[in-house]
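Noted in Swiss-Prot for the protein shown:
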BINDING   Cys117, Cys121, Cys124  [4Fe-4S] cluster 1 binding site
BINDING   Cys380, Cys385, Cys387  [4Fe-4S] cluster 2 binding site
DOMAIN    103-314  domain 'Radical SAM core'
Amino acid sequence: MSYDRVKDFDLPELAVHLQPHGAVMIDRKSMFYFRLSGRGAQLAFLLSKNKNLHKTARIWEIMKKEEMSADQLKEELSAHPFTEAWTEGLLDQPLHVSGSLDSYLPISCTLQLTNACNLSCSFCYASSGKPYPEELSSEQWILVMQKLAAHGVADITLTGGEAKLIKGFKELVVVASSLFTNVNVFSNGLNWRDEEVELLSHLGNVSVQISIDGMDNTHDQLRGRKGGFKESMNTIKKLSEANIPVIVAMTINESNADEVSDVVEQCANAGAFIFRAGKTLSVGRATEGFKALDIDFEEMVQIQLREARHKWGDRLNIIDWEHEESSFTTDFCTPGYLAWYIRADGYVTPCQLEDLPLGHILEDSMADIGSPARLLQLKCEAKNCKCIGKIELSEPDLPFQKEVKAGIQE
């Protein structure tokens, strides 16, 4: 992937996303977010509109009857590196506004286009293989994407099963690219046609994640497909040569933990953009005979990643094993509250690991699916999603909240 393309991806596209208890500022491209106080959100709106510290400070003085000079405002914003960047031109652009004050609407969604898969991985969290009895059609998925885009979703992941197995995949990825800032396709890397690679290269905002779970024999054995490693690595190379960002994901277990450095080297040579390793989770098919990774194996992986970062870090972004859960792939994904997983049958869950639904994407409104009451109930009852139970909401602190409560007074 060329550095020019990386630069294009790094240009911010800022938005303020409102929630019942507050606001977050999001870069809709990187999907990193920063939670704002009500005061911070108001200042962000003002700076984005007039692009001037002096004007913003004076507007604040007149509206709030509170002493505020440009120097005082600059000092206040300089207390944090992110808000300090506001004083240096970060907000010299329109701010997109999305969200709801009544419900928790997502900024990112994963669409399981089908549960069908052409592999039979022993650790598949979705137990993929056969499609569900009543899966959404391509036409219905287009309606879903239009609904999500209309409610401010910026980031979409198309997954499966194997996402490419749905009839109309090319049409769906074009629709997704047209409606959303980022599109991520999760694939096993098999059966990619040249025209599909070309299509994604023209779209310009699509990345592909491909799973590589060891070297030749190990990968093929774990995924139940002879020759799968070679074909998937060739796909990574073709996508990278077409300037499509490729993320390689490796699911670690005892049988492949000693092959991490070799896989990283293969990925660097194939032109991949990012490599990340994740632990096998006790869900789906992996529950049968599941054994958590021993500390010795974890340390082995960490050592290999450090060495690989030293060797290949100038060519490949290698995500730190210790911080994998807070990396770019999950940092913004507060399950249920900022991110939804939509199963192939249309039911919405907080993440791909959880079976309990919040509602149905075509039968229920977005407001009902994201209602605080439903989320609180699922937060208490979730069986597999460990993250949602750890979410602690702050006291409500919304922009213009004081004006609403106090009323407008002269």
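Every residue, even glycine, has its Cβ placed from backbone N, Cα and C.
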Field: 8 Å Cβ shell about Cys380, Cys385, Cys387 centroid, [4Fe-4S] cluster 2 site members excluded
entry: Pro335, Gly336, Pro350, Glu354, Leu378, Lys379, Ala382, Lys386, Ile388, Gly389, Lys390, Ile391
- line: Among the binding-site residues Cys117, Cys387, the one whose Cβ has the most other Cβ atoms within 10 Å is Cys117
Message: Nearest by CA distance to Cys121 ([4Fe-4S] cluster 1 binding site): which of the binding-site residues is it, out of Cys380, Cys385, Cys387?
response: Cys385
Query: About how far apart, in whole Å, are the alpha carbons (Cα) of Cys124 ([4Fe-4S] cluster 1 binding site) and Cys387 ([4Fe-4S] cluster 2 binding site)?
result: 20
Task: For Cys385 ([4Fe-4S] cluster 2 binding site), write down the residues of its own chain that are at least 6 apart in sequence and whose Cβ falls under 8 Å from its Cβ; none is a fine answer.
output: Pro335, Gly336, Thr349, Pro350, Cys351, Leu353, Glu354
Statement: One should report the C-alpha separation between Cys117 ([4Fe-4S] cluster 1 binding site) and Cys387 ([4Fe-4S] cluster 2 binding site), rounded to whole angstrom, as 27
- request: Ten-angstrom check, please: count other Cβ atoms within 10 Å of the Cβ of Cys121 ([4Fe-4S] cluster 1 binding site), all chains counted.
  value: 22
- line: Should one count Cβ atoms within 10 Å of each candidate's Cβ, the binding-site residues Cys124, Cys380 would be headed by Cys124
